[in-house]
(Lines of atoms letter the chains of each structure in order from A and count residues from 1; the text may use other names and numbers.)
(Lines give C-alpha, C1' and ligand atoms only; values in the text may rest on other atoms or scores of the structure.)
Protein backbone atom coordinates (compact mmCIF):
# COMPACT_ATOMS: atom_id res chain seq x y z
CA UNK A 1 0.00 0.00 0.00
CA UNK A 2 2.82 2.42 0.88
CA UNK A 3 4.37 1.84 -2.51
CA UNK A 4 1.19 2.91 -4.29
CA UNK A 5 0.65 5.96 -2.09
CA UNK A 6 4.24 7.06 -2.70
CA UNK A 7 3.82 6.74 -6.42
CA UNK A 8 0.56 8.69 -6.48
CA UNK A 9 1.95 11.42 -4.18
CA UNK A 10 5.00 11.72 -6.41
CA UNK A 11 2.78 12.09 -9.50
CA UNK A 12 0.68 14.83 -7.85
CA UNK A 13 3.78 16.71 -6.66
CA UNK A 14 5.23 16.44 -10.13
CA UNK A 15 2.13 17.86 -11.80
CA UNK A 16 1.95 20.72 -9.27
CA UNK A 17 5.57 21.67 -9.96
CA UNK A 18 5.08 21.43 -13.71
CA UNK A 19 1.97 23.63 -13.63
CA UNK A 20 3.58 26.19 -11.28
CA UNK A 21 6.70 26.45 -13.43
CA UNK A 22 4.73 26.71 -16.67
CA UNK A 23 2.27 29.23 -15.26
CA UNK A 24 5.08 31.29 -13.74
CA UNK A 25 7.21 31.25 -16.88
CA UNK A 26 4.31 32.34 -19.07
CA UNK A 27 3.33 35.21 -16.80
CA UNK A 28 6.84 36.44 -16.07
CA UNK A 29 8.42 36.02 -19.51
CA UNK A 30 5.29 36.83 -21.45
CA UNK A 31 3.20 39.99 -21.15
CA UNK A 32 -0.41 38.83 -20.63
CA UNK A 33 -1.94 42.29 -21.05
CA UNK A 34 -0.20 42.76 -24.40
CA UNK A 35 -1.21 39.29 -25.53
CA UNK A 36 -4.86 40.01 -24.76
CA UNK A 37 -5.18 43.49 -26.21
CA UNK A 38 -2.28 43.84 -28.63
CA UNK A 39 -0.77 47.34 -29.13
CA UNK A 40 -3.68 48.95 -27.22
CA UNK A 41 -2.07 47.70 -23.98
CA UNK A 42 0.69 50.29 -24.24
CA UNK A 43 -1.62 53.18 -25.10
CA UNK A 44 -2.18 54.54 -21.57
CA UNK A 45 -3.00 58.12 -22.59
CA UNK A 46 -6.12 57.32 -24.56
CA UNK A 47 -9.17 57.01 -22.21
CA UNK A 48 -10.80 54.37 -24.47
CA UNK A 49 -7.70 52.22 -24.24
CA UNK A 50 -7.50 52.67 -20.49
CA UNK A 51 -11.08 51.44 -20.21
CA UNK A 52 -10.18 48.33 -22.23
CA UNK A 53 -7.08 47.79 -20.11
CA UNK A 54 -9.09 48.06 -16.88
CA UNK A 55 -11.68 45.62 -18.22
CA UNK A 56 -9.05 43.10 -19.28
CA UNK A 57 -7.24 43.46 -15.95
CA UNK A 58 -10.36 42.71 -13.95
CA UNK A 59 -11.48 39.92 -16.29
CA UNK A 60 -8.14 38.08 -16.09
CA UNK A 61 -7.33 39.14 -12.47
CA UNK A 62 -4.10 40.71 -13.68
CA UNK A 63 -3.79 43.03 -10.67
CA UNK A 64 -3.55 40.13 -8.23
CA UNK A 65 -0.09 38.85 -7.24
CA UNK A 66 1.26 35.93 -9.24
CA UNK A 67 0.72 33.37 -6.47
CA UNK A 68 -2.95 34.32 -6.09
CA UNK A 69 -3.45 34.10 -9.84
CA UNK A 70 -1.85 30.68 -9.90
CA UNK A 71 -4.16 29.56 -7.09
CA UNK A 72 -7.23 30.87 -8.94
CA UNK A 73 -6.11 29.20 -12.16
CA UNK A 74 -5.39 25.90 -10.42
CA UNK A 75 -8.73 25.74 -8.59
CA UNK A 76 -10.53 26.50 -11.86
CA UNK A 77 -8.44 23.97 -13.78
CA UNK A 78 -9.11 21.02 -11.47
CA UNK A 79 -12.82 21.81 -11.73
CA UNK A 80 -12.58 21.62 -15.52
CA UNK A 81 -12.67 25.35 -16.25
CA UNK A 82 -9.58 26.26 -18.24
CA UNK A 83 -10.26 29.95 -18.57
CA UNK A 84 -10.87 32.28 -21.48
CA UNK A 85 -8.87 32.49 -24.69
CA UNK A 86 -6.78 35.64 -25.05
CA UNK A 87 -7.37 36.05 -28.74
CA UNK A 88 -10.20 37.99 -30.42
CA UNK A 89 -13.41 37.84 -28.39
CA UNK A 90 -12.37 35.01 -26.10
CA UNK A 91 -14.81 32.57 -27.65
CA UNK A 92 -15.08 29.63 -27.35
CA UNK A 93 -13.84 29.08 -23.76
CA UNK A 94 -10.66 26.99 -23.64
CA UNK A 95 -12.52 24.05 -22.07
CA UNK A 96 -14.91 23.85 -25.02
CA UNK A 97 -12.06 24.04 -27.50
CA UNK A 98 -10.28 21.20 -25.71
CA UNK A 99 -13.48 19.16 -25.40
CA UNK A 100 -13.96 19.40 -29.15
CA UNK A 101 -10.37 18.62 -30.10
CA UNK A 102 -9.05 16.21 -27.49
CA UNK A 103 -11.04 13.14 -28.68
CA UNK A 104 -9.41 13.40 -32.13
CA UNK A 105 -5.89 13.47 -30.71
CA UNK A 106 -6.71 10.70 -28.24
CA UNK A 107 -8.05 8.52 -31.06
CA UNK A 108 -4.99 9.23 -33.16
CA UNK A 109 -2.54 8.41 -30.37
CA UNK A 110 -4.44 5.29 -29.32
CA UNK A 111 -4.66 4.07 -32.92
CA UNK A 112 -0.94 4.72 -33.37
CA UNK A 113 -0.10 2.87 -30.16
CA UNK A 114 -2.17 -0.16 -31.20
CA UNK A 115 -0.60 -0.14 -34.65
CA UNK A 116 2.91 0.10 -33.21
CA UNK A 117 2.30 -2.88 -30.93
CA UNK A 118 0.56 -4.86 -33.68
CA UNK A 119 3.51 -4.28 -36.01
CA UNK A 120 6.29 -4.73 -33.44
CA UNK A 121 5.31 -8.08 -31.87
CA UNK A 122 5.09 -10.23 -35.05
CA UNK A 123 8.10 -8.40 -36.46
CA UNK A 124 10.19 -9.12 -33.35
CA UNK A 125 9.07 -12.76 -33.24
CA UNK A 126 9.94 -13.29 -36.90
CA UNK A 127 13.38 -11.69 -36.64
CA UNK A 128 14.32 -13.14 -33.23
CA UNK A 129 13.64 -16.66 -34.44
CA UNK A 130 16.00 -16.03 -37.36
CA UNK A 131 18.58 -13.90 -35.55
CA UNK A 132 21.76 -13.29 -37.49
CA UNK A 133 20.36 -14.43 -40.83
CA UNK A 134 20.15 -12.14 -43.84
CA UNK A 135 16.46 -11.29 -43.28
CA UNK A 136 17.25 -10.28 -39.70
CA UNK A 137 20.14 -8.08 -40.82
CA UNK A 138 17.96 -6.36 -43.41
CA UNK A 139 15.29 -5.76 -40.79
CA UNK A 140 17.86 -4.29 -38.38
CA UNK A 141 18.94 -1.91 -41.12
CA UNK A 142 15.31 -0.94 -41.65
CA UNK A 143 14.82 -0.13 -37.97
CA UNK A 144 17.84 2.17 -38.25
CA UNK A 145 16.28 3.96 -41.22
CA UNK A 146 12.92 4.30 -39.48
CA UNK A 147 14.40 5.64 -36.26
CA UNK A 148 16.56 8.15 -38.14
CA UNK A 149 13.65 9.43 -40.26
CA UNK A 150 12.15 12.56 -38.68
CA UNK A 151 8.40 12.10 -38.37
CA UNK A 152 7.51 15.12 -40.49
CA UNK A 153 9.68 13.72 -43.30
CA UNK A 154 8.13 10.28 -42.95
CA UNK A 155 4.67 11.85 -43.06
CA UNK A 156 5.50 13.62 -46.32
CA UNK A 157 6.99 10.50 -47.90
CA UNK A 158 4.01 8.31 -46.92
CA UNK A 159 1.56 10.97 -48.03
CA UNK A 160 3.37 11.32 -51.36
CA UNK A 161 3.56 7.59 -52.06
CA UNK A 162 0.30 6.27 -50.61
CA UNK A 163 -2.05 9.22 -51.12
CA UNK A 164 -0.73 11.14 -54.11
CA UNK A 165 0.98 8.53 -56.30
CA UNK A 166 -1.02 5.39 -55.47
CA UNK A 167 -4.21 7.07 -54.33
CA UNK A 168 -4.93 4.39 -51.74
CA UNK A 169 -5.31 6.73 -48.79
CA UNK A 170 -7.26 9.96 -48.27
CA UNK A 171 -5.16 13.14 -48.38
CA UNK A 172 -6.53 15.04 -45.42
CA UNK A 173 -8.94 14.83 -42.54
CA UNK A 174 -12.45 16.23 -42.94
CA UNK A 175 -14.10 17.00 -39.61
CA UNK A 176 -17.65 16.80 -40.98
CA UNK A 177 -17.40 13.34 -42.53
CA UNK A 178 -19.17 10.35 -40.91
CA UNK A 179 -17.27 8.49 -38.20
CA UNK A 180 -16.19 5.54 -40.33
CA UNK A 181 -14.55 7.66 -43.01
CA UNK A 182 -12.96 9.88 -40.37
CA UNK A 183 -11.40 6.77 -38.82
CA UNK A 184 -10.18 5.71 -42.26
CA UNK A 185 -8.67 9.18 -42.74
CA UNK A 186 -6.75 8.69 -39.49
CA UNK A 187 -5.08 5.44 -40.58
CA UNK A 188 -2.25 7.04 -42.53
CA UNK A 189 -1.48 9.70 -39.86
CA UNK A 190 -1.51 6.99 -37.19
CA UNK A 191 0.78 4.79 -39.29
CA UNK A 192 3.21 7.69 -39.63
CA UNK A 193 3.43 8.01 -35.86
CA UNK A 194 3.46 4.24 -35.31
CA UNK A 195 6.26 3.15 -37.66
CA UNK A 196 9.29 4.69 -35.88
CA UNK A 197 7.85 3.70 -32.50
CA UNK A 198 7.29 0.16 -33.77
CA UNK A 199 10.95 0.06 -34.83
CA UNK A 200 12.02 1.02 -31.29
CA UNK A 201 9.69 -1.63 -29.80
CA UNK A 202 10.93 -4.26 -32.24
CA UNK A 203 14.58 -3.58 -31.42
CA UNK A 204 14.02 -4.05 -27.73
CA UNK A 205 11.71 -7.04 -27.98
CA UNK A 206 14.01 -8.81 -30.45
CA UNK A 207 17.05 -8.50 -28.16
CA UNK A 208 14.96 -9.68 -25.24
CA UNK A 209 13.54 -12.65 -27.16
CA UNK A 210 17.00 -13.76 -28.33
CA UNK A 211 18.13 -13.92 -24.68
CA UNK A 212 14.98 -15.81 -23.70
CA UNK A 213 15.31 -18.31 -26.53
CA UNK A 214 18.67 -19.43 -25.13
CA UNK A 215 17.14 -20.37 -21.78
CA UNK A 216 16.84 -23.99 -20.69
CA UNK A 217 13.05 -23.89 -20.35
CA UNK A 218 12.75 -23.20 -24.08
CA UNK A 219 14.91 -26.23 -24.83
CA UNK A 220 12.78 -28.19 -22.35
CA UNK A 221 9.54 -27.11 -24.06
CA UNK A 222 10.96 -28.10 -27.44
CA UNK A 223 12.16 -31.45 -26.04
CA UNK A 224 8.65 -32.04 -24.69
CA UNK A 225 7.55 -31.98 -28.33
CA UNK A 226 5.73 -28.64 -28.48
CA UNK A 227 5.71 -27.02 -31.91
CA UNK A 228 8.20 -24.25 -32.60
CA UNK A 229 5.39 -21.76 -33.07
CA UNK A 230 3.75 -22.66 -29.77
CA UNK A 231 7.06 -22.34 -27.94
CA UNK A 232 7.68 -18.96 -29.52
CA UNK A 233 4.26 -17.50 -28.71
CA UNK A 234 3.46 -19.21 -25.41
CA UNK A 235 6.83 -19.61 -23.72
CA UNK A 236 9.28 -17.13 -25.19
CA UNK A 237 7.04 -14.08 -25.61
CA UNK A 238 5.56 -13.96 -22.11
CA UNK A 239 8.68 -13.15 -20.05
CA UNK A 240 9.78 -10.55 -22.59
CA UNK A 241 6.50 -8.68 -22.23
CA UNK A 242 7.61 -7.26 -18.85
CA UNK A 243 10.19 -4.88 -20.26
CA UNK A 244 8.00 -4.35 -23.31
CA UNK A 245 5.26 -2.77 -21.17
CA UNK A 246 7.76 -0.29 -19.69
CA UNK A 247 8.98 0.76 -23.10
CA UNK A 248 5.42 1.14 -24.37
CA UNK A 249 4.75 3.51 -21.47
CA UNK A 250 7.96 5.47 -21.94
CA UNK A 251 7.30 5.96 -25.64
CA UNK A 252 3.91 7.60 -25.15
CA UNK A 253 5.80 10.89 -25.21
CA UNK A 254 7.12 10.14 -28.68
CA UNK A 255 3.57 9.35 -29.79
CA UNK A 256 2.20 12.64 -28.44
CA UNK A 257 5.10 14.59 -29.96
CA UNK A 258 4.53 12.81 -33.26
CA UNK A 259 0.83 13.64 -33.18
CA UNK A 260 1.59 17.39 -33.10
CA UNK A 261 3.53 17.24 -36.36
CA UNK A 262 1.23 14.75 -38.03
CA UNK A 263 -1.93 16.66 -37.13
CA UNK A 264 -0.44 19.72 -38.80
CA UNK A 265 0.49 17.84 -41.98
CA UNK A 266 -2.78 15.93 -42.38
CA UNK A 267 -4.86 18.88 -41.11
CA UNK A 268 -6.43 17.05 -38.20
CA UNK A 269 -7.90 19.68 -35.83
CA UNK A 270 -6.67 18.06 -32.61
CA UNK A 271 -4.93 19.56 -29.58
CA UNK A 272 -1.52 19.17 -31.25
CA UNK A 273 -2.28 21.47 -34.14
CA UNK A 274 -4.13 23.70 -31.67
CA UNK A 275 -0.94 23.97 -29.58
CA UNK A 276 1.05 25.15 -32.59
CA UNK A 277 -1.61 27.69 -33.58
CA UNK A 278 -1.94 29.09 -30.07
CA UNK A 279 1.84 29.40 -29.69
CA UNK A 280 2.00 31.40 -32.91
CA UNK A 281 -0.84 33.61 -31.61
CA UNK A 282 0.76 33.76 -28.13
CA UNK A 283 -2.55 32.63 -26.67
CA UNK A 284 -1.20 31.47 -23.31
CA UNK A 285 -4.35 30.07 -21.65
CA UNK A 286 -4.68 27.61 -24.54
CA UNK A 287 -0.97 26.73 -24.48
CA UNK A 288 -1.09 26.25 -20.72
CA UNK A 289 -4.20 24.05 -20.89
CA UNK A 290 -2.75 21.81 -23.60
CA UNK A 291 0.65 21.53 -21.93
CA UNK A 292 -1.08 20.53 -18.69
CA UNK A 293 -3.31 17.96 -20.41
CA UNK A 294 -0.30 16.40 -22.08
CA UNK A 295 1.65 16.37 -18.81
CA UNK A 296 -1.29 14.82 -16.93
CA UNK A 297 -1.74 12.16 -19.61
CA UNK A 298 1.96 11.42 -19.68
CA UNK A 299 2.28 11.15 -15.89
CA UNK A 300 -0.90 9.05 -15.59
CA UNK A 301 0.27 6.60 -18.25
CA UNK A 302 3.64 6.17 -16.57
CA UNK A 303 1.92 5.75 -13.20
CA UNK A 304 -0.31 3.11 -14.76
CA UNK A 305 2.71 1.33 -16.22
CA UNK A 306 4.44 1.37 -12.83
CA UNK A 307 1.37 -0.07 -11.14
CA UNK A 308 0.80 -2.65 -13.87
CA UNK A 309 4.41 -3.65 -13.64
CA UNK A 310 4.26 -4.08 -9.87
CA UNK A 311 1.21 -6.33 -10.27
CA UNK A 312 2.94 -8.53 -12.84
CA UNK A 313 6.27 -8.56 -11.03
CA UNK A 314 5.89 -8.00 -7.25
CA UNK A 315 9.68 -7.81 -6.78
CA UNK A 316 9.72 -4.12 -7.78
CA UNK A 317 7.64 -3.22 -4.69
CA UNK A 318 10.74 -3.21 -2.49
CA UNK B 1 4.32 -17.88 -41.59
CA UNK B 2 7.14 -20.26 -42.41
CA UNK B 3 9.59 -18.12 -40.45
CA UNK B 4 8.51 -19.43 -37.10
CA UNK B 5 9.65 -22.90 -38.15
CA UNK B 6 13.25 -21.82 -37.96
CA UNK B 7 13.33 -21.33 -34.20
CA UNK B 8 16.85 -20.56 -33.03
CA UNK B 9 18.47 -23.20 -30.87
CA UNK B 10 21.25 -22.50 -28.38
CA UNK B 11 23.89 -23.20 -31.06
CA UNK B 12 22.64 -20.50 -33.40
CA UNK B 13 22.33 -17.95 -30.62
CA UNK B 14 25.92 -18.38 -29.50
CA UNK B 15 27.03 -17.81 -33.09
CA UNK B 16 25.24 -14.48 -32.97
CA UNK B 17 26.97 -13.60 -29.72
CA UNK B 18 30.36 -14.29 -31.29
CA UNK B 19 29.51 -12.13 -34.28
CA UNK B 20 28.47 -9.28 -31.96
CA UNK B 21 31.73 -9.65 -30.09
CA UNK B 22 33.70 -9.19 -33.31
CA UNK B 23 31.78 -6.02 -34.15
CA UNK B 24 32.51 -4.61 -30.72
CA UNK B 25 36.26 -4.68 -31.25
CA UNK B 26 36.37 -2.35 -34.23
CA UNK B 27 34.38 0.67 -35.27
CA UNK B 28 34.11 -0.68 -38.82
CA UNK B 29 34.01 1.04 -42.21
CA UNK B 30 30.35 2.00 -41.76
CA UNK B 31 31.35 4.24 -38.85
CA UNK B 32 34.01 6.02 -40.90
CA UNK B 33 31.64 6.39 -43.85
CA UNK B 34 29.15 8.12 -41.54
CA UNK B 35 31.85 10.33 -40.02
CA UNK B 36 32.93 11.18 -43.58
CA UNK B 37 29.41 12.31 -44.49
CA UNK B 38 29.11 14.40 -41.32
CA UNK B 39 32.50 16.05 -41.93
CA UNK B 40 31.53 16.73 -45.56
CA UNK B 41 28.29 18.39 -44.43
CA UNK B 42 30.14 20.51 -41.87
CA UNK B 43 32.71 21.62 -44.46
CA UNK B 44 30.03 22.43 -47.06
CA UNK B 45 27.95 24.31 -44.50
CA UNK B 46 30.96 26.25 -43.29
CA UNK B 47 32.21 27.12 -46.77
CA UNK B 48 28.77 27.73 -48.34
CA UNK B 49 29.25 31.52 -48.77
CA UNK B 50 32.69 31.03 -50.34
CA UNK B 51 31.79 28.26 -52.79
CA UNK B 52 30.70 29.30 -56.26
CA UNK B 53 27.12 28.18 -55.74
CA UNK B 54 24.05 30.16 -56.54
CA UNK B 55 22.73 32.88 -54.24
CA UNK B 56 20.12 31.11 -52.06
CA UNK B 57 17.81 34.12 -52.07
CA UNK B 58 18.00 35.05 -55.76
CA UNK B 59 15.08 34.30 -58.09
CA UNK B 60 16.19 32.51 -61.25
CA UNK B 61 13.16 33.16 -63.43
CA UNK B 62 13.70 31.33 -66.72
CA UNK B 63 12.88 33.42 -69.82
CA UNK B 64 13.59 30.76 -72.44
CA UNK B 65 10.11 29.30 -72.47
CA UNK B 66 10.14 26.88 -69.53
CA UNK B 67 7.13 28.72 -68.19
CA UNK B 68 6.46 29.51 -64.54
CA UNK B 69 8.56 28.17 -61.68
CA UNK B 70 9.01 25.78 -59.89
CA UNK B 71 11.49 24.18 -62.29
CA UNK B 72 12.53 20.55 -61.92
CA UNK B 73 16.11 19.39 -61.34
CA UNK B 74 18.44 20.21 -64.26
CA UNK B 75 22.15 20.79 -64.97
CA UNK B 76 21.61 24.40 -64.03
CA UNK B 77 19.70 23.73 -60.80
CA UNK B 78 20.78 20.32 -59.48
CA UNK B 79 17.97 20.03 -56.95
CA UNK B 80 15.49 22.12 -58.98
CA UNK B 81 13.96 25.36 -57.77
CA UNK B 82 11.03 26.27 -55.56
CA UNK B 83 8.02 28.23 -56.72
CA UNK B 84 9.88 31.51 -56.34
CA UNK B 85 12.60 30.05 -58.63
CA UNK B 86 15.15 29.91 -55.84
CA UNK B 87 17.87 27.26 -56.13
CA UNK B 88 17.11 24.32 -53.80
CA UNK B 89 20.70 23.00 -53.86
CA UNK B 90 22.25 26.15 -52.46
CA UNK B 91 19.33 26.62 -50.07
CA UNK B 92 19.91 23.10 -48.73
CA UNK B 93 23.60 23.88 -48.17
CA UNK B 94 22.75 27.14 -46.45
CA UNK B 95 20.11 25.30 -44.41
CA UNK B 96 22.86 23.03 -43.11
CA UNK B 97 24.46 26.05 -41.44
CA UNK B 98 21.58 26.67 -39.06
CA UNK B 99 20.62 23.01 -38.57
CA UNK B 100 24.18 21.86 -37.75
CA UNK B 101 24.92 24.89 -35.56
CA UNK B 102 21.77 24.34 -33.55
CA UNK B 103 22.56 20.63 -33.20
CA UNK B 104 26.10 21.33 -32.03
CA UNK B 105 25.37 24.19 -29.63
CA UNK B 106 22.38 22.33 -28.16
CA UNK B 107 24.28 19.18 -27.28
CA UNK B 108 27.31 21.16 -26.07
CA UNK B 109 25.04 23.10 -23.71
CA UNK B 110 23.31 19.88 -22.61
CA UNK B 111 26.62 18.15 -21.92
CA UNK B 112 27.96 21.12 -19.98
CA UNK B 113 24.91 21.81 -17.80
CA UNK B 114 23.50 18.28 -17.60
CA UNK B 115 26.93 16.78 -17.07
CA UNK B 116 27.84 19.22 -14.29
CA UNK B 117 24.50 18.79 -12.48
CA UNK B 118 24.61 15.00 -12.86
CA UNK B 119 28.15 14.66 -11.53
CA UNK B 120 27.51 16.98 -8.59
CA UNK B 121 24.25 15.18 -7.74
CA UNK B 122 25.92 11.79 -7.96
CA UNK B 123 28.90 12.90 -5.89
CA UNK B 124 27.27 14.85 -3.08
CA UNK B 125 24.01 12.82 -2.89
CA UNK B 126 21.63 13.88 -0.11
CA UNK B 127 19.17 16.75 -0.56
CA UNK B 128 21.09 18.24 -3.49
CA UNK B 129 20.76 14.96 -5.38
CA UNK B 130 17.05 14.83 -4.59
CA UNK B 131 16.40 18.31 -5.94
CA UNK B 132 18.43 17.73 -9.09
CA UNK B 133 16.87 14.33 -9.72
CA UNK B 134 13.40 15.79 -9.28
CA UNK B 135 14.33 18.55 -11.74
CA UNK B 136 15.30 15.88 -14.25
CA UNK B 137 11.99 14.09 -13.67
CA UNK B 138 10.12 17.37 -14.29
CA UNK B 139 12.01 17.93 -17.54
CA UNK B 140 11.25 14.36 -18.60
CA UNK B 141 7.57 14.61 -17.69
CA UNK B 142 6.86 16.43 -20.94
CA UNK B 143 7.17 14.90 -24.35
CA UNK B 144 10.27 16.73 -25.61
CA UNK B 145 8.58 18.36 -28.60
CA UNK B 146 5.84 19.77 -26.36
CA UNK B 147 8.45 21.21 -24.00
CA UNK B 148 10.34 22.71 -26.94
CA UNK B 149 7.20 24.29 -28.36
CA UNK B 150 6.22 25.68 -24.98
CA UNK B 151 9.68 27.21 -24.44
CA UNK B 152 9.83 28.72 -27.93
CA UNK B 153 6.51 30.43 -27.25
CA UNK B 154 8.17 32.43 -24.47
CA UNK B 155 11.20 33.80 -26.30
CA UNK B 156 12.40 35.69 -29.32
CA UNK B 157 13.26 32.93 -31.76
CA UNK B 158 16.91 33.54 -32.70
CA UNK B 159 19.68 31.08 -33.52
CA UNK B 160 21.07 31.23 -29.99
CA UNK B 161 17.77 30.92 -28.12
CA UNK B 162 16.55 28.00 -30.25
CA UNK B 163 19.87 26.24 -29.65
CA UNK B 164 19.58 26.81 -25.92
CA UNK B 165 15.95 25.61 -25.82
CA UNK B 166 16.98 22.37 -27.51
CA UNK B 167 19.98 22.26 -25.16
CA UNK B 168 17.60 22.39 -22.20
CA UNK B 169 15.86 19.32 -23.61
CA UNK B 170 19.10 17.33 -23.50
CA UNK B 171 19.94 18.30 -19.90
CA UNK B 172 17.84 15.57 -18.29
CA UNK B 173 18.99 12.56 -20.41
CA UNK B 174 22.65 13.64 -20.22
CA UNK B 175 22.39 14.48 -16.53
CA UNK B 176 20.86 11.13 -15.67
CA UNK B 177 23.66 9.31 -17.46
CA UNK B 178 26.31 11.47 -15.74
CA UNK B 179 24.71 10.88 -12.35
CA UNK B 180 24.45 7.12 -12.90
CA UNK B 181 28.09 6.84 -13.99
CA UNK B 182 29.24 9.02 -11.10
CA UNK B 183 27.39 6.80 -8.61
CA UNK B 184 29.16 3.85 -10.19
CA UNK B 185 32.62 5.33 -9.60
CA UNK B 186 32.11 7.35 -6.40
CA UNK B 187 32.56 4.30 -4.14
CA UNK B 188 35.52 2.79 -6.00
CA UNK B 189 38.90 2.38 -4.31
CA UNK B 190 40.70 5.08 -6.27
CA UNK B 191 38.21 7.71 -5.10
CA UNK B 192 38.45 6.56 -1.48
CA UNK B 193 42.24 6.54 -1.80
CA UNK B 194 42.27 10.07 -3.18
CA UNK B 195 40.10 11.23 -0.27
CA UNK B 196 42.33 9.50 2.28
CA UNK B 197 45.41 11.34 1.09
CA UNK B 198 43.54 14.58 1.57
CA UNK B 199 42.26 15.49 -1.90
CA UNK B 200 39.57 18.18 -1.93
CA UNK B 201 36.10 17.52 -3.37
CA UNK B 202 36.97 19.75 -6.27
CA UNK B 203 40.09 17.75 -7.06
CA UNK B 204 38.28 14.40 -6.74
CA UNK B 205 35.52 15.52 -9.11
CA UNK B 206 37.82 17.05 -11.70
CA UNK B 207 40.73 14.62 -11.59
CA UNK B 208 39.19 11.29 -10.55
CA UNK B 209 35.53 11.26 -11.59
CA UNK B 210 35.32 13.51 -14.64
CA UNK B 211 37.72 11.51 -16.85
CA UNK B 212 35.65 8.38 -16.21
CA UNK B 213 32.25 10.01 -16.67
CA UNK B 214 33.22 11.90 -19.81
CA UNK B 215 33.59 8.70 -21.86
CA UNK B 216 29.97 7.48 -21.74
CA UNK B 217 28.77 11.09 -22.13
CA UNK B 218 30.90 11.52 -25.23
CA UNK B 219 29.31 8.46 -26.75
CA UNK B 220 25.96 10.13 -26.18
CA UNK B 221 27.04 13.35 -27.90
CA UNK B 222 26.55 12.18 -31.51
CA UNK B 223 23.13 10.69 -30.69
CA UNK B 224 22.17 13.87 -28.85
CA UNK B 225 23.19 15.99 -31.83
CA UNK B 226 20.95 13.89 -34.07
CA UNK B 227 18.04 14.36 -31.67
CA UNK B 228 18.60 18.12 -31.58
CA UNK B 229 18.76 18.38 -35.38
CA UNK B 230 15.51 16.42 -35.74
CA UNK B 231 13.87 18.57 -33.05
CA UNK B 232 14.99 21.77 -34.78
CA UNK B 233 13.63 20.37 -38.04
CA UNK B 234 10.30 19.68 -36.35
CA UNK B 235 10.13 23.18 -34.89
CA UNK B 236 11.08 24.78 -38.21
CA UNK B 237 8.50 22.64 -39.96
CA UNK B 238 5.86 23.99 -37.59
CA UNK B 239 7.15 27.53 -38.15
CA UNK B 240 8.54 27.82 -34.63
CA UNK B 241 12.29 27.80 -35.26
CA UNK B 242 14.74 30.60 -36.08
CA UNK B 243 12.64 33.39 -37.54
CA UNK B 244 15.07 34.64 -40.14
CA UNK B 245 17.15 32.32 -42.28
CA UNK B 246 16.91 29.01 -44.03
CA UNK B 247 16.75 25.69 -42.18
CA UNK B 248 16.10 22.17 -43.47
CA UNK B 249 12.79 22.02 -41.64
CA UNK B 250 11.47 25.21 -43.22
CA UNK B 251 12.61 24.06 -46.68
CA UNK B 252 10.68 20.83 -46.25
CA UNK B 253 7.67 22.73 -44.97
CA UNK B 254 7.78 24.98 -48.04
CA UNK B 255 7.82 21.90 -50.29
CA UNK B 256 4.77 20.34 -48.67
CA UNK B 257 2.44 23.26 -47.99
CA UNK B 258 -0.79 23.66 -49.86
CA UNK B 259 -2.55 20.83 -51.62
CA UNK B 260 -0.64 20.74 -54.90
CA UNK B 261 3.00 21.65 -54.16
CA UNK B 262 3.94 18.13 -53.15
CA UNK B 263 1.99 16.62 -56.03
CA UNK B 264 3.39 18.82 -58.79
CA UNK B 265 6.91 19.53 -57.58
CA UNK B 266 7.99 16.84 -55.11
CA UNK B 267 11.70 17.72 -55.50
CA UNK B 268 11.24 20.86 -53.38
CA UNK B 269 10.57 18.76 -50.28
CA UNK B 270 12.43 15.59 -51.16
CA UNK B 271 16.01 16.82 -51.68
CA UNK B 272 16.17 18.52 -48.27
CA UNK B 273 14.51 15.41 -46.77
CA UNK B 274 17.26 13.19 -48.22
CA UNK B 275 20.06 15.40 -46.92
CA UNK B 276 18.46 15.70 -43.48
CA UNK B 277 17.78 11.95 -43.38
CA UNK B 278 21.33 10.95 -44.32
CA UNK B 279 22.80 13.37 -41.79
CA UNK B 280 20.61 12.10 -38.97
CA UNK B 281 21.21 8.49 -40.05
CA UNK B 282 24.97 9.06 -40.08
CA UNK B 283 24.91 10.65 -36.61
CA UNK B 284 22.70 7.86 -35.24
CA UNK B 285 24.76 5.08 -36.77
CA UNK B 286 28.11 6.55 -35.75
CA UNK B 287 26.79 7.30 -32.26
CA UNK B 288 25.43 3.79 -31.89
CA UNK B 289 28.72 2.24 -33.00
CA UNK B 290 30.67 4.49 -30.68
CA UNK B 291 28.43 3.52 -27.79
CA UNK B 292 28.90 -0.18 -28.46
CA UNK B 293 32.63 0.39 -28.91
CA UNK B 294 32.93 2.20 -25.59
CA UNK B 295 30.54 -0.32 -24.04
CA UNK B 296 28.02 2.10 -22.56
CA UNK B 297 25.07 0.24 -21.09
CA UNK B 298 21.74 1.05 -22.71
CA UNK B 299 20.00 0.84 -19.34
CA UNK B 300 22.07 3.76 -18.09
CA UNK B 301 20.37 5.99 -20.63
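Every residue gets a Cβ built from N, Cα and C, even glycine.
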Per TrEMBL, which of B:209-231, B:232-254 is transmembrane segment?
B:209-231
From the ranges B:71-97, B:98-124, pick the one that TrEMBL records as transmembrane segment.
B:98-124
At a C-beta cut-off of under 8 Å, are there same-chain residues at least 6 beyond the transmembrane segment (B:267-287) that contact it? List them, or none.
30-31, 33-35, 37-38, 41, 70, 72-73, 79-80, 82-83, 88-89, 91-92, 95-96, 99-100, 219-223, 225-226, 229-230, 233, 248, 251-252, 254-256, 261
Region pair the transmembrane segment (B:158-178) / the transmembrane segment (B:29-53), three or more CB pairs under 8 Å:
no
